[in-house]
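Undergrad: Supplied in C-alpha cells, the structure appears directly below.
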Amino acid sequence: MTPSNRGTLARTAMAYVLAGGRGSRLYELTDPRAKPAVYFGGKTRIIDFALSNAINSGIRRIGVATQYKAHSLIRHLQRGWNFMRPERNESFDILPASQRVSETQWYDGTADAVYQNGDIIADYAPEYMVILAGDHVYKMDYELMLQQHVNQNADVTVGVLEVPQREASGFGVMHVDANDRIITFLEKPDDPPGIPGAPHLSLASMGIYVFRTTYLFELLRADAADPHSSHDFGKDIIPTVVRHGKAIAHRFSTSCVRSQDESLAYWRDVGTIDAYWEANIDLTTVTPQLDLFDKDWPIWTYSELTAPAKFVHNEEGRRGHALNSLVSGGCIVSGSYLHKSLLFTGVRVHSYSHLEGAVVQPYVDIGRAARLRNVVVDRGVRIPAGLVVGEDPVLDARRFRRSARGTVLITQPMIDRL
C-alpha cells in the first residue's frame, strides 16, 4: 500500500502525539528517557512509528506533547523531524509541559496535555484532530480513519483492535453495535468483557482518537472545569462522548498498512521487557511480522552519519560473522558470532564473544569472550570480558533485571556493581 496521495482530509488535520509517558514496566530502560524515546528496530525510536504514520498518511501539521525525562526525546525530534517547512503549510511543534494554562501544574492527564496547548492549536486552525499515543509500534493510514469519521458523522472515532480477553485489562474496552457505534466503554477494567460470539477476545482501544477540533475543545473546556475529572481521554473524555454523543469504533484491520509479506495486522505495545525483546528479535526472522524494508511506507527517523558495519577476522574460533541478525551502521563485529541478534548503531563486539537473542542498544562495547543470551543491553554499556549472561537464571536474577520469562536487562549501573 502506498502513502495517501488524496490528502483531502489529512491536509485539514493535525496529529497530536502524546509522548510524556514513563513506561514504568520497562524498569531501568526508561530511567534516563521517556518510553517513546526508547530505541527500537536497529535505528529508530518508538515514537517514529506514530510520526511516520502521520507523514505517510498526508498529515502535515504535527504536535508532540512531552513531559517525563524529555531531553533524549526532544533531542531526537529536533535532529530527525526538523524537515517540516512553514512555507509549505507544514508545522512540527515540540510541546513540553510549560504551565501555559496554570502556573502551578504540569500536564495533569492526557486530555490536559491537549487542552494546555489550545492556543497553539488554534493558530493552525485544523478542522480535525488526530490524537495519537507515542509509545506503540504499528503502521496505519490515518486518512482512512478520518474518512470513516466524516462518513459516519461521528463525534469521536476510536481506533480499536481485538486482543485476548485475558490481556485486555490494560486497555480501554468497549462494546459496539452492528454499525460499530460504541455502546459502552470501560477504561482498564479488572474483568474485561469479551466480544459477543468470541468471549476469548475483547475489543480494545488503541489510544487513537479523531475529533472535529471545535467539538474536542468544547469537551476539553468542560473537562478542565470539572474538579472531579482525572483529565484523561480514556477515563473521562471518551466515556462522556459515548453517553452523550456519537462514538464510532474504527477497526485497525481496515487501515493497517501491510506489505506483501505481512498477512496479519501488526500492532505492539512494547511496554514490558519481554514484549520489547520479542518484538525486536522478531525482526531478525526471514519474514518478520513487521516489515521495516517496506519502501512504500518508510519509518522516518534521525540517522547518524556512520561508517558501514564491519566484520573482521576469519580463523577457526575467531570468525566475525552474523546469522539471522540485524547489524546497524558503525558496528564492528571482531572475531565473534551473532545469531538472532540486533545491534544498534556503533556497537563493538570483541573477539571470541557469542551473542544469541541479544538486543544491543547504541554504542555498547562487548568485551572479549563474553557470552550473552536473551538479553537487552542499554545504551553505552561496557560489558566486561568474559561476562556470561543467560545461562544461570539464579545468578542472572541476582546481578541484573531478569523477567519471569527469562529476558535479562543489563544497564551500566548493574555492571558497575559486579
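Keep in mind that glycine also has a Cβ here, set from the backbone N, Cα and C atoms.
Below are the features I grabbed from Swiss-Prot:
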type    : residues                               : note
BINDING : Tyr107, Gly172, Glu187, Lys188, Ser205 : alpha-D-glucose 1-phosphate binding site
Undergrad: State, in Å as a whole number, the widest CA to CA span among the alpha-D-glucose 1-phosphate-binding residues Tyr107, Gly172, Glu187, Lys188, Ser205 given in the record.
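TA: Taking every pair of listed residues, the largest Cα separation comes to 22 Å.
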Undergrad: In sequence order, which same-chain residues at least six apart have a C-beta under 8 angstroms from Glu187 (alpha-D-glucose 1-phosphate binding site)?
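TA: Listed in sequence order: Gly172, Asp232, Gly234, Lys235, Ile238, Pro239.
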Undergrad: For Ser205 (alpha-D-glucose 1-phosphate binding site), what is the secondary structure state per DSSP, taken as helix, strand or coil?
TA: strand
